[in-house]
Each structure stands twice: as structure tokens, then as C-alpha cells.
């Protein structure tokens, strides 16, 4: 070894014996080995491994459990528009739904209504199919061989868009469906013209609205509309939306986002768009965004907090929530999307997170079998004994029965939780008014509040789709209950001057299905009543549901349609309407989609193959047995 002589140091001082040199080199090599080993084997080394290993070698990072959260009176729908916050006859027979083995099919040609050339849609869909055949690996640790879009399509009973895009044979029904499609195009065109890239359109002032619910994410109306545009055959508009997602949907935001809203609108919208089209772009975006939500679960109990910074990963509870609580409808409305994120990414962490929530809920005591709306993410105990099937509680119950259905009826835990909860709801909350209307009251520590929110009107459809899987002796009872609740919600519409329902209506002091407080009189283009019409039509084919849906279309056209879009109104009890200047993204995603499905044949997004998340984004039933049999068959052939 040659050493450079340093100034002022004798040559003899620079000399080292051979044994000293050997020991020095031995020590140095040991130190290097130790550091390199630590780089690869210590728990915190995963980020550093990404520097050296290829993406296919990186293992998914499991985020720790935990949470604390909150949102508004109802987290499900923001009201950032300057307003004060906020069934037919019994004995209907359930329409039988045959369960036959899935059959292989080639996607049928779909005719676009409204005169658009069929070839355009066929060309677009053929490109989608060919693109989905290509094996592309996710940027998030997913193995591209774990999910095959082609295999998934083979495991559906019916093509997603049906035999003829769900076009009804009856001319009047088809005319009504075309009217809903025109409403969607009108709403979309105005959003694109005046608010493109913003979250929602303000139709009166003709500008965009960003809001504070999405943490810096933009284009909520774009992502929420993808599947609606696609199933309606508005392919030019769909392609514009897809291009915006490709070039402008920036997930690297650094603001305060609602875990609930980002999940149901963005993750749900992207997942749905992927399953309908096979476009890898949507899958990759969904998984990337799903990863950004995982730190919200970093709490002592694993119950997620409601607000998360998508950039830093820090999370906290809503300031208005009691004692830093998490909200039942918020942490209970993740299961559908997170199970599908596991399906697409092959990362089990998403399913583990939502199953951990289930485990905790099954452990703790429920007062009278009911689930209160506020839970501490630190202690895992209920904070207040307030129970509601409307705001703060609603979609938790919806996701229990839909988790069971989405699992191809194999998730027995979800089934048990749902029917046990429904029994408690019937025993404690379901009431009959003096005028014979069935409604869901709210429960406050044992005292009933005889109020039902518009948001609770989804429950008619929920109880309806769960009727066929209840105890044999209760199936007809559940369908009757679903019809009665849907009828009550329809009454809340018919008893207003505009024929649109208020935010909340009461059954006390002589009032029935009417709002008695000024703060409850508004309508913000909500979908829940129409949602129940759609489900009850599918289940019974009673024509009154289509008639009720058409009444809603006429009311929306008369009172909510303005020159540059659709707007909510401040008082449903006066025809001299005052508009709130907001075209909510869920109007495009839910209200218009449910109306379109109501006037379509049942094979358009058949309930045999699809469940809808709480933002009306269709997600497919997971038939693991079919997928596994398909994989075994392919393996046998290859051998």
C-alpha cells in the first residue's frame, strides 16, 4: 500500500506494519458488510431497497393499524354551498333471480342510443379489450399475473352493458331513458365548459368549485362521471374524461382530504372505470391512491381517522366530532373498495385493514344490538349513544349486505352482522306513523327522535336487495318493509310544492313526511330516494317505481335545471325557488345513473354480477371459485 506523505510528518511516522494493515482492512470490510446487511435486512430498510431492487422485486409495504376521524352531518355528502346544514303496498312478490353457472361469452356489440354510430363504440371497446390482454405490472408491487381482466370478464353471468346496452323495448320507457341521457350530457357539457378540472360546477356564476373535502385533488366530477358516461354510451365525453385522468389527475396533493369522500368518489370511480373498460390507467391510479390512504389507519385500534394529508400521510379526526371520534358511516364505508384494491394489487394489506375494523366491532358491546355513530379510534369504545340510519351511520349497514353479495355470498361474517343489525333496527328504530307511514327514527341514548333524513331513504333499496338472503320466514317481510320505506320517502317528495324531498322530514307534532324546520327544507340533488326506486323496480317490476322516477325527472327539469347546469334548491316547499349554485358531483355519478338504470333493462349492470358502492360506482361480484377453476384449467392445458 502506498501512502501520500503529509507535510510536516516524517516518513517513519507514516509507516504501518503489515499486521496493522491487515487488521485495518479486516475491520473496514466488516463495517461495510454490516452496513450493507442492515440496508437489506433491518425493518426500516424497505425504502432503501427500492433504490437497488427492480420494482417487481419490491414487496408491498404493510402500514400499521390505527385511527381517529370525523366529517359532517352527513360525511357522505358535503354541503359547501352556504346553506344551513344539515313503499308501496305490502305483499309484493320478489322477482326471482336465477343463479346459473357463469358462461363464457364474447362481448356483444352494443348499439348506442341517440343516433351515435355503433362502430365508434365497438372500436373503442375493441381497443379496450386488446389493451387489457397485455400484461402490465402495477407500479405498486402488484404481480401482473394475479389479476387477469380477461378471466374476470369470463366469470360474469352477463356482459356488463347487457344485450343491447339495456335498451328497453317499450318506446315510452326508452324515450324517458333518452331524456335522462340528455340531462347527463347537459350537466357534463356545462361542467366541461365552465369548470373543467375543478371538482364541481357552480352553474349560476359559471365557474368551478374546489372545496376542502378532497385534499388538493381535482376533477371530482370527472372521476365520478367516468362510468356514467360509459354506460350511457357518451363515448366522446368518456374519452375526454379518460384523457383528463391520464394527463391531469395529480395524486401528489398535500392538502386535508376526507378519507371517506376520496375513497367512495375517487377510488370507487377509478375501480369502476377499470372493471368496465379494462383500461390499466384506471387500475394503476386507483392502487396508487389507495396506498396514500393507508396511513389513516395508524391508530391504536386500527380504526382510521377521518382526515388525511395525502402528501405527508398524517391524519386526524374532524374537529367537530365528539371527543376526537371516528364516524361509523366513514370507517364502515371502505370494505368494498379495499377488497378490490387487494384483488388488483395482490397486496393483502387493504383487506387486512377493513377486516380489522370488523374484528373490533364484533368484540365491543352494542347497546340494544345497535351501532352508535361515534367511536374512539384510541380506546375502541363508543363515545356517544346516537344511532342513525341516515347521516353518520347509513352506509355502514349498506356495506355489510353489499360485502356479502360482492363475495359471491361467501362472507358469512358480513351476512351475520347485517341481519343482526337489521333485527336491532327493526326492534328499536322502525316506527309507524298515525297516517300509516313506515319510517326509521333516530335513537339518542334510548330516546327516539321521530325524524328521517333524505340520506336514510337509501334503506328501502338496501333492505330490498338483502331480502332474498334473510331467514326463509322473513324474506317476504323484508321485501314488504323495503317497499313501505320507499313509499314513505316518495311521500316526502309528493308533499312538497316542487315534488322534490327535503333534507330531513319529521313525524311528530302532527307532521308526517314533511320538514318542520327551515334548516331541513333544502334539496341538493341527492340520489337516495331514486336509488330505492331503481332497486325496487329491479326486484319487483312494479311499474309505479318507474312512474315515481319520472316524476323526479320532471321536478328536476322544472326546478333544478338552470341555463348552465343543474343546481340544488334552498326550499322544496316553494315554487319560487332559490338555487344554491352547486352541481354536486354525485348528481352525475348517482342521481342520473340510477334514473338511467331505472329506465333500462335489467341486464345493464345486472345485480347478478355487480354491486354499487355508496357513490353508485359498480363493482363486480368476486367469484374466486370461477377464477381459480379458470386458472386450473389453463394450467392443465399448458401442461
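Note: Cβ is positioned from N, Cα and C throughout, glycine not excepted.
Unlike curated records, TrEMBL annotations are generated automatically.
Feature annotation from TrEMBL assigns active site, proton donor to 261 (among others).
Here the Cβ of residue 394 (active site) has 29 other Cβ atoms within 10 Å, regardless of which shown protein chain they belong to. What TrEMBL lists as active site is 394 (among others).
Other C-beta atoms found within 10 angstroms of the C-beta of residue 503 (active site, proton donor) number 28, with every protein chain shown included. Sequence annotations record features per position, and here TrEMBL assigns active site, proton donor to 503 (among others).
Look at TrEMBL and you will find 528 (among others) tagged as active site. Non-local neighbourhood of residue 528 (active site): 454, 455, 456, 457, 458, 489, each in the same chain, at least six residues away, with C-beta under 8 Å from its C-beta.
The Ca(2+) binding site annotation in TrEMBL covers 614. Cβ neighbours within 10 Å of residue 614 (Ca(2+) binding site), excluding its own Cβ and spanning all shown chains: 26.
The compositional bias 'Polar residues' annotation in TrEMBL covers 133-143.
The Cβ neighbour count for residue 489 (disulfide bond), using a 10 Å radius over every protein chain in view, is 29. Residues annotated as disulfide bond in TrEMBL: 457-489.
Annotation comment: TrEMBL describes 62-143 as region 'Disordered'.
Feature annotation from TrEMBL assigns transmembrane segment to 22-42.
Recorded residues residue 503 (active site, proton donor) and residue 394 (active site) have their alpha carbons 14 Å apart, per Cα-Cα distance. For residue 261 (active site, proton donor) paired with residue 614 (Ca(2+) binding site), the C-alpha to C-alpha distance reads 10 Å. Here the Cβ of residue 261 (active site, proton donor) has 25 other Cβ atoms within 10 Å, regardless of which shown protein chain they belong to. Looking at residue 614 (Ca(2+) binding site) and residue 394 (active site), their Cα atoms lie 10 Å from each other.
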